[in-house]
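**Q** Positions annotated as transmembrane segment by TrEMBL: B:12-36, B:271-293, B:313-335, B:355-378. Annotation comment: TrEMBL describes B:16-235 as domain 'MacB-like periplasmic core'. If you look up TrEMBL, you'll see B:273-380 marked as domain 'ABC3 transporter permease C-terminal'.
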Amino acid sequence: MTAAPILSVREAARHYRSGDSIVKALDGVSLDVNAGELVAILGPSGSGKSTLLLIAGLLEPPTEGEVRIRGTLVSKAGEELGRLRDFRRRNIGFVFQKANLIPFLTASENVALAMEIDDVPARDARRHAERLLAGLGLGHRAGNRPTKLSGGEQQRVAIARALANDPTLILADEPTAALDGARGRQVIALFRQIADTRGAGIVVVTHDPRSLDLFDRTIELTDGRVIGERSGPVRIPAR
Amino acid sequence: MNLAFKDVKFNFPRFLLTMAGVGFLIMASTGMVGLYRGIVEDALLVVDRIGADLWVVQGGRAGPFSESSAVPADMDRRVEGIAGVSSVRRFVQVSQQFDFEGRDLRASITGLDFPKDRGEWVQLQEGRYLNAGHFEAIADESIGLALGDQVRLGQDDYRIVGMTRGMVDASGDGLMFVTVNDAMAIARRRTSEEVLLARAAAGKTAAADASESSVPQDSKIAAVLVTLDKGADEDRVRTNVLSWGDANILSRADQRDLLLNQRLWRLRLQILAFTGVLLVVMAIVISLIIYMLTMEKLHQIAMLKLIGARNGVIVTMIAQQSFLIGGGALVLGLAMSKLVFPFFPRRVVIDPSDFAGLALAVGAVCTFASLLGIWRALKIRAQEVLS
Ligand SMILES: Nc1ncnc2c1ncn2[C@@H]1O[C@H](COP(=O)(O)OP(=O)(O)O)[C@@H](O)[C@H]1O
Ligand SMILES: [Mg+2]
């Protein structure tokens, strides 16, 4: 095991000033994610999970610490991240609680857009988008606009969009929060499959303990610190 | 894929309404400018078309459009004798209100010096020019008469033998051309009471001059139109006429200047001021609409940034949408103007260069508004998707 991890966050801290006091949203967190690994981040509300994802996703610089992607130092304290948009587009896929699809585009257009803005020719982008959607069981929905899709379907379109440019790292912030248990598990299962087949490193913030058996590793945050880390899937005891 | 176009297609009725709204504003501005142009064109119509180099009018006055003017009916003979004068015509114009088949109509009766002038400088829509010295008229459509109508003016019936379109005087009344002699007779119309009083004042009995003019003033004309010989010295003619003491002489340029800068300047200023107000309103409304369209999409724009779209993608979407609205509204505004303004009571001139100017202004407003939207859109951070 000599290959650098896909994502490596070192001693990352993020402080927000609110009035006179300073909120330590993140207080020295380290996290490594390897190719093909599916990692869960757990923790109560306000524990810094989203902040960690923003920093790992190069959307915010840490106040302290650094972020490496495949061994390259890409973000550290005080970094101006606007210039990393191209890097983000090619290397990182995001999924959020809300699908945030563009309402005037169909499912396949939403996915194809992510490729077109990366200069993939329109026709190739469309074909690949349809293939991705079909792979996620949405082939018959490719031509529908978001308002015609259920919440679970919208979220799967968002996942297809995150996959569009074949990123090595996928970050998902509570992607199942708006879904019922069964559909939530379907989404996590999808991530499991993506990690296995594509070898992407995937970090998922989740509250749902029922799907934890699908993860390779679980990290628990409280007050901006890692308070627990468990390796290996949490097996649900066989009946 | 073209995001701006997809959005327009998705929200088509809304876009159409927005475009129509802006289109109506553009139409209103076009109309205002066109009204201004129309008033100027109408006012200058006779001066520009009648083909007179000089106007001999009442002494000390700047008639016959800016002020009233009355010169003796035989003044033309005197003018004709001046060296350099090629031809002369007598000119009379009176506003007349009359009854036709129970309708109250208005016309600006304009005398043509028949047979020298049968109205050939007037563009006919249908019918013919004047053929007889009496009781024939060429009428403008706007008066409300039709070819062949018999209309009573003064003591006589006149037959409409020709029709014009868009020939009006400075106040918008349609022109009706009759011979100068007829025009003088129409102007002379008096109640029998007035006729008697006037005659008494003149110290004559009704019986004594049944055939003469009732009042000397009534047998005057408004002006004498002068056409100069080629190469004639205009100043010599001018000095000559002025030396008589009872006449003033004005060039075509003088008449234009008097009409635009004396008689009509308040109206012109008023319309120009309103046009200015309207243009400002238009600019503000278009900017707001385009800016709001961008504001509505900020969330999607943040999402685009999050998935790594370059600024160019966002800028293009905003600018294209802005110009789609601006361009569509211009087309709509022009189409509606062409459709609707011909039915307006006064002439609305849609001058191509005016409209091009308006289009340029709309383009500038769209540019400004999209820059404002782009500035706001580029400021938004990708992570705002999450809030
Ligand atoms: N932009 C911000 N400004 C100020 N405080 C923030 C900001 N973002 C997050 N915080 C604070 O940081 C802490 C961690 O937030 P977050 O990472 O969103 O937690 P979680 O996702 O685990 O619920 C919270 O106390 C939150 O109020
Ligand atoms: Mg959160």
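From the backbone N, Cα and C atoms, a Cβ is placed for every residue, glycine too.
Because TrEMBL annotations are produced automatically, they should be read as predictions rather than curated entries.
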**Q** What else in the chain is close to the transmembrane segment (B:271-293), if you only count residues 6 or more beyond its ends and a Cβ gap under 8 Å?
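**A** Sequence-remote neighbours of the transmembrane segment (B:271-293) are 18, 21-22, 25-26, 28-29, 32-33, 35-36, 39, 321-322, 325-326, 329, 361-362, 365-366, 368-370, 372-373, 376.
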**Q** Quick one: DSSP breakdown of the domain 'ABC3 transporter permease C-terminal' (B:273-380) into helix, strand and coil?
**A** 94 helix, 0 strand, 14 coil
**Q** What average pLDDT does the predicted model assign to the domain 'ABC3 transporter permease C-terminal' (B:273-380)?
**A** 92
